[in-house]
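These notes are about the structure you will find just below.
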């Protein structure tokens with residue numbers, strides 16, 4: 001039943017009535033539907049005036065019927081009592097003209113039932129100002145307009161308060177707090193679909209990886225994709241008959257490599273919409289018996305078929321400057337939950353964050369210098385924020401040898417260690433006086449079949465144009481490269497552990513990660529041998545854990561002089 005009380009609608013029971021008037025007078029809905037005359041703005045005469053308020057829609061059997069609802073300042077109180085006692089038929093109700101004697105009879109003003117819920121007694125705070133006119137007449141003068149505005153403001157305030165009380169009521173009845181807490185708990189499931197609420201930090205992140213373009217960019221990054229392929233497909237001792245977990249699988253390309261390399265089972269996990277495409281890709285390549293795609297966050301999924309540990313975790317988790325996007329946290333979570341503690345391997349196994357000086361003259365001109373003279377106007381204010389945020393771009397040289405500001409060995413590093421502070425000493429290698437406009441940050445990535453740390457003297461591989469890395473992987477027929485046996489011409493030295501690597505630095509073919517640049521407000525003037533010392537501080541942003549806050553403290557020391565005063569600059573990586 002739908003009832004209008006002080007212009008509010010309440011759902012009471014299954015049957016509905018159309019209630020008229022502040023006191024709850026009503027006409028059965030059946031009468032409305034059976035009598036078209038009640039659906040038109042034609043009402044019988046009444047001892048007291050009628051007042052139009054609004055149109056409602058009555059719904060019966062999925063049919064929506066427009067019903068003109070009328071408010072009677074007086075008169076229908078008696079109709080309520082009459083209808084209660086005599087229960088007139090729809091035909092009788094339709095025949096009412098409004099001049100019937102019972103409408104003025106006091107006997108029908110007394111409720112048949114005490115506390116009849118259909119008869120509303122106005123509360124002390126109710127007033128005629130509660131009435132809302134859908135089509136109010138235009139005010140005749142300023143005073144009338146002001147009164148109308150005042151009434152509307154009061155009604156708005158009451159509506160706002162009603163909403164506050166309604167929300168409190170719903171929250172109390174549904175116990176939203178406990179529901180929200182329960183949603184935070186991991187949802188164990190062996191299904192390929194795992195429903196889980198997204199944190200605010202995660203929403204945009206996972207949504208962005210649901211689009212095709214970003215995956216095209218990554219796969220077309222030859223340095224990235226070919227190095228992963230080379231390691232996976234030329235390390236049969238690691239992947240043959242192995243159980244592999246691909247964290248953040250995207251299109252599933254790394255899972256496909258692992259399956260081709262002989263893996264027994266591959267679990268490909270991704271929380272974004274791209275997981276649906278990955279399922280289609282696995283099926284199109286007839287690898288459903290090897291690769292299982294799991295839609296969900298790695299922190300919340302369980303592996304099917306009672307699998308508790310895997311032999312290899314493979315993931316392309318690196319972001320700008322290595323740690324942007326904080327996906328490494330998820331890989332470390334997977335390591336702690338799923339990696340076999342006896343000989344399990346992470347690929348990659350180690351990464352190094354490299355830091356150095358960079359002239360960056362062209363980037364300075366494009367991002368800063370350009371604004372100082374635009375058609376003869378000074379628009380330099382547009383460049384002010386450039387010094388607060390890191391720039392992702394490509395540079396082709398450095399003005400110092402790079403130094404390691406963070407060495408991440410993935411087998412043992414803890415998530416809390418990803419916020420760090422590291423001292424650095426950079427020595428200029430420029431042969432002439434040069435303006436240094438930026439510090440540059442990039443990373444080197446290493447894979448080992450044993451998962452052990454790389455030897456200290458290991459050198460990263462810089463991929464150059466024409467590098468044969470692709471030819472070593474993509475053999476005719478898709479067969480993996482088979483290494484030649486060494487000739488036996490004398491005593492053999494113990495070979496170094498096999499290491500596969502790539503760099504995202506300026507000396508390598510550019511990757512989709514490019515380099516991360518921190519523009520200096522005041523360029524450093526250096527010549528050969530100038531020393532720049534300081535501290536590099538990196539931590540997750542308080543505003544968004546996927547972003548980074550970076551502080552660089554530094555001094556400049558020229559030969560024969562004392563170091564300059566310390567300079568501090570703060571940057572966002574986002």
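Using N, Cα and C of the backbone, Cβ positions are placed for all residues, glycine too.
Residues annotated as region 'Disordered' in TrEMBL: 113-134 (among others).
Summarising the annotation, TrEMBL assigns compositional bias 'Acidic residues' to 114-133.
Positions annotated as coiled coil by TrEMBL: 142-169.
Note on the domain 'Methyltransferase' (244-343): DSSP counts are 30 helix, 22 strand, 48 coil. Residues or ranges marked as domain 'Methyltransferase' in TrEMBL: 244-343.
Mean pLDDT across the domain 'Protein arginine N-methyltransferase' (354-451) comes to 96 in this model. Feature annotation from TrEMBL assigns domain 'Protein arginine N-methyltransferase' to 354-451 (among others).
Positions annotated as region 'Disordered' by TrEMBL: 484-507 (among others).
Residues or ranges marked as compositional bias 'Low complexity' in TrEMBL: 487-506.
The domain 'Protein arginine N-methyltransferase' annotation in TrEMBL covers 497-557 (among others).
Taken through DSSP, the domain 'Protein arginine N-methyltransferase' (354-451) splits into 24 helix, 43 strand, 31 coil.
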